[in-house]
Structures are given as structure tokens and as C-alpha cells.
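Visitor: One structure is given below, represented as C-alpha cells, and several questions about it will come after.
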Ligand SMILES: NC(=O)c1ccc[n+]([C@@H]2O[C@H](COP(=O)([O-])OP(=O)(O)OC[C@H]3O[C@@H](n4cnc5c(N)ncnc54)[C@H](O)[C@@H]3O)[C@@H](O)[C@H]2O)c1
Ligand SMILES: [Zn+2]
């Protein structure tokens, strides 16, 4: 059950505000305001009032209801505008979000007064702002030292951490026992969520340190893989991992929290009546000793130049992490400097968040069109009002399938505002409506195939056109896939070729490629003798491709390149694969139930069987390579389960796999407790992190790896 929020206006942490009814004038305040035309002061004040009201409304939905009305990106633009206006005016309205941390508390939770306040973070959006932050730090240190020359502060050094995007947690331990857990709330008082936090397996219920009371801070998160799994079967999919974590923790029913399988990273000891730390390193060591889950990406730097470098590398690794981050946090390591620099109303002066480019925004869903894929699957493609996201202009988004449209409550969403998210390079996905209750136009599902007019069938969440023999987009993509590099590798063959063969020669299935003659090809538009001969020769050559490539070329649903290789390696024979049972298939590594079912039903289809027989009779070999020489058993790699990740420069991934297998290693795709060794090339991401977390040996030096392969 979700708690009802209070209905009154959101309020800030009174403890940190100076006066509710007067304008607050910061110490050094340039009074002139530079705003376009008219009476500048009035315009600026009005705009400030407007922004304060709007931002407070957004904050209420974000912090208190865990249901944002706008993306962080859109919020931040308005927030920055307000900061600029306030700086120019030299005033801050008493209700300004720039003066306060977090939002209103939810009723139903026991309030917890933090033993030390929890802060927000200053932010830098680019390198210049980061340098400004550092200059300010340096200046404050110089000022301090000029007044305290007998005991000056040391040169600052820096720690860089990831900025996790979840919900702040504050855990209270007394005499080694977890006695309270709370949200950040307004920074002074949070909501007690002990029962909810106890469902997080990585939160220790007791710790070795038992000397009085401490408060430890971290971030409650939902791993992206967990979110994906949850959403696969959830009646109501969750829009993003941040809101999923926040909504689960601020839910009165801890069972709901437990279902979300949250995790947490800890990064700060906020209060302690016993221990003191000289620097961040000591504090992190304390957290580790007390078995708190600490993120492995923490780096320390003596110079500020290094900080910039490491920020760039974090940006590159972002997509490979299994949790959301919205930036990195740079902190001064030395605790004396931290104390000397102190805090503003809202954040510490000794830390700054470097914000990354947003991956989420909102836009209007304009229309939906339907595309026919290789297997006859019909996928909806959404056209949205064009919007900038992570440096590109987005106009198209995916909606996956009709089942997804229903589950995401998008059936009546045409013309409404929706959240969209970009991950990696795929086209952005529509996550859901901004305002669930608000309906727009209906997305009509097609009853007939948009390409061939055949009546569609719904199977599970998808619509299908079953007119395999006569539906052009299916035929063209089936043949194009068949001829592609990783499949039969027919040189010079392109989608255009497939289209021409379909349109001009009525080619309907891959098998017919092997019946084409010179006379057929020479008739084609823009085909000369040379081109026709080249294509014939390339088709002829493709007959010799091995079994794994042939299986991949067939385009079995849910079956990728690595699976077809597993099949070929295990069975070594096409007819054995065609008659394999689900049980036999699922006993193989990396083949699950869905894949096994797909394979069995694919080969049970008489149409597919006929096509395969025809190809074999026309000379396609589809043979497994000669059985490899007996595996080596005395190499460093023999008998080991190895995972390759990241980019290797001297060896391709396939070559490295082959050589490892020849030395008797088993190469698998994912890191688990069963993994013996991880080979990490450049830009290795989450697999490397996981290996380190599990304490699995890692080889990060490619030369060392090659040396071992060579038996040196
Ligand atoms: N979409 C909306 O409507 C809306 C409304 C309000 C705020 N926001 C978003 O909230 C953010 C600003 O508010 P904020 O004060 O909650 O957060 P913040 O960005 O100022 O950061 C402070 C928080 O960062 C977290 N954090 C993660 N990793 C950390 C680390 N390694 N060290 C220290 N802290 C770490 C902590 O939980 C801490 O409370 C902005 O990104 C803003 O866009 C969005
Ligand atoms: Zn069709």
C-alpha cells in the first residue's frame, strides 16, 4: 500500500532557513539585475516567484510522491535559471529550493531526527564549473591559512566516487546493532523506514563496531538487471530504477520493498560519538571493516588534473554499470579541510557533484506506425515531438509491442506527455505517461499486416503476420539476414539485392538463392556480366559455410550467434539438432527454456524443414568443422572457466576464445562464482566490477594474457 501524502504545501527544513518572511540576502550581494527589457527588477522578481512555485511543485512530486512530473534534466534547467536570477538579484525568496534540502515527509512513517544533518550537493555541469569549484576551494584554504598560520591546512587531495541515483539512506547503529534507518527527508528529519531497509540484503543488521552510536549514509538502489527482470512480469512496469527504489523504500508495506530486491552502496559516516577519521580513506576502511557494501569505483588523486581524466573514464563506463548513476562526486579527502570549508544552507563546500548528460526526458507522443520484422513480428514505432537527449535529437522511440503498450498504460496516450529514456545506442524507449490519469487519443492496433494486408494474429505480447511466403518485408529481411556476414557471408549481398531479387525474380526464400542462374541475374536492373558472375560465385562459396553459421543464417527466433555455436559444437550434425528435444537442449550451457522451445518449434515447422532439405540438395554443406585435436590439459588455462570482457587489441574476441578452448578452457559469457578467471581488456565494465566483487582473479594486461596463451 502506498501512503497518502499530506496535502499542504511543501515546506523546507526550517532548521536551516534563516527567516520565513524576509528575503535572505547572502553576504556578498551584487544588487544590480540584468534582465531583458521592461522594469528589470519586477520582471526578475516575478520570474523568480514563478520558478520557486513551479520547482516546489515538481519537488513535491519527486521527493514526496516519488512520481516526478518532469525529468531531472528539465528540472535542472529551471533550477539553474533560478540560481542565476538569485545571484544577479542578490536575494533568495524564503521558499526557494536553493535554500533547502529534499522535500516534505510522508505521514505514516515515524520521523527520525538525524544526529548530523544530511546535505544536498553543489553541482557542476561542465569542466569550467568544476574548475570554478576547485578555485573556490583553493581560495578558502588560502584565506583560512592566512588566519591560522600556526597550523595551516595541507594541500587538498581529492576522492572521486560515483553518484548513485537512488534514495539516500541514513542508518543508525547503537552498540553494534541497527536500530533505525531513515530517508534524508528535509535533511534534518527523515522518515523512519527500518523495516523496509532491513529487506535489503546488503545492509548489515549488526556490525563489529560497538562503541556507542554511529550514523552511516548511503544510497538505496535497484540494480538495472533486477528492474528489467521485475518489469518482464510486472502487471505495472516501473518507469525507472530511481523511482522504483524510492517508491519501494517509502512504502508502508515492507513486503513490497522486499519484492523489489533492492541493494545499497554506503559512502559516508555522518555521525559518530566514538570514532574520528583523519581522511576519507580511513572512513572507507572503517565502512569496509564493518561490512558495509562499498562501491569499487573509488579513486584518490593528489592533483585536480587527474580528477578530470577519471571523470571521462567514468562517463565511458556508465552504460556498462548495472545501476543508475547521474554523475560523479568529487570530495576533498582531508577532514580538517572539510571542517574548515564548512557548509552553505544546502550543501558542503568541500564536495561537488559532476553531473553527466541526462538519459531521460519528456516529450509528446505524436503517432505510432507499425513495422514488419523478419519473423513476421509487428513492432510499433512511435513518432515523438523532437527533443534533445544526450546530445542527439530524438524523433522516434520504440514501444516494443502491444503487450507493452497495455502494461505501460499507453493505449490512450496519443498527444500526451511521456517519459523517454535512452540507453546505449538503441533508439530511446517510451517509459510511460507523465500523468497516468490523463488520457489522450487511442493507439489503434492494426488488424491487418501494414505490408501485405494479411490478418494479424496476437501471440503473447506480440502481433504477427503469418503470411511468410508473401509478405515482402519478411522475405527481404529473411534473405538479407541469411546472406549477412555472421551467417552465410555472401559477399556484396545487401538488403537492396534481396529486394531486387524479390521484386524482379520473385525470390521468396533463402533456398532459392541456390537455384539462381546467370540468365536470371543478367536480366536484373543495373546488373552487368561481372556483377552477375560475382554474385553467383559468392553464392556458390557460401555453400561451404560451417554448421554454426548455417544455423545462425536460418534465423531461429530468440537464437543468437553464441547459441548456434553451442548447438553446432555439441551436436556436430544438423539432423541431430533438428530432432533434439527441449530437455536435451536445456541441458546445454547458456540455453534456457524459451530458447529451447523456439529451436524445437522452428525445426518442427514443415516449411522450414522443406527449405533446409532443398538447400542441402542444392549443395549447402552445413558441416561441423573437423573435430578439434584432443584438448590440452597441462596449460595454465586447462579446466578453467574463463570470461572475456572489454576490448582486446592484439587478439579478436573470437580468436581469443578459440585459443582458450584449444587449451582446454571453458569460455562463458557471464561472471559468477563458478568463474575461475576474467580477462579484462580496455573499457571492461560490469563484468570486471563483478569479478572484483567476487574476488575472482583478473588479468588486465593483454601482453600477460598472450604470454600465458603462448605457454610462457
Ligand atoms: N524531476 C524532478 O521533478 C526533480 C525534482 C527535484 C529534484 N530533482 C533532482 O534531484 C537532484 C537534486 O537534488 P538532491 O539534493 O536530492 O540530490 P543531489 O543531486 O544534490 O545529491 C545529493 C545526494 O546524492 C546522493 N549521492 C549519491 N552518491 C553519492 C556519493 N558518492 N556521495 C555523496 N552523495 C551521494 C546522496 O543520496 C545525496 O543525498 C537533481 O538531479 C534534480 O534534477 C528532480
Ligand atoms: Zn504481412
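Every residue, even glycine, has its Cβ placed from backbone N, Cα and C.
TrEMBL annotations: computationally assigned, not manually curated.
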Visitor: For the NAD(+) site that TrEMBL lists with 72, 73, 74, 75, 76, 120, 121, 184, 219, 331, 355, give the additional residue from the candidates 49, 161, 309.
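Guide: Site partner of 72, 73, 74, 75, 76, 120, 121, 184, 219, 331, 355 for NAD(+), according to TrEMBL: 161.
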Visitor: Under 6 Å from ligand 1 by C-beta, which of these recorded positions make it: 121, 163, 184, 452? Sequence order, please.
Guide: 121, 163, 184
Visitor: Cβ under 6 Å from an atom of ligand 2: which of these binding-site residues qualify? The list is 72, 121, 331.
Guide: none
Visitor: Let's see if you can do this one: DSSP helix, strand and coil counts over the domain 'BRCT' (632-702), in that order.
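Guide: Counting residues by DSSP class gives 20 helix, 16 strand, 35 coil.
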Visitor: What span in Å does the NAD(+) site cover, taken as the longest CA to CA distance among 72, 73, 74, 75, 76, 120, 121, 161, 184, 219, 331, 355?
Guide: 26
Visitor: Three-state secondary structure of residue 72 (NAD(+) binding site) from DSSP?
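Guide: Residue 72 (NAD(+) binding site) sits in a helix per DSSP.
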Visitor: CA-CA, which of the binding-site residues 74, 76, 184 lies nearest residue 471 (Zn(2+) binding site)?
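Guide: The answer is 74.
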Visitor: Taking the centroid of the Cβ atoms of 449, 452, 465, 471 (Zn(2+) site), which other same-chain residues have Cβ within 8 Å of it?
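Guide: Sorted by sequence, the hits are 372, 376, 448, 450, 451, 453, 454, 456, 466, 467, 470, 472, 473, 474.
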Visitor: Taking just the CA atoms, what is the gap between residue 452 (Zn(2+) binding site) and residue 121 (NAD(+) binding site) in Å?
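Guide: Cα-Cα distance, residue 452 (Zn(2+) binding site) to residue 121 (NAD(+) binding site): 57 Å.
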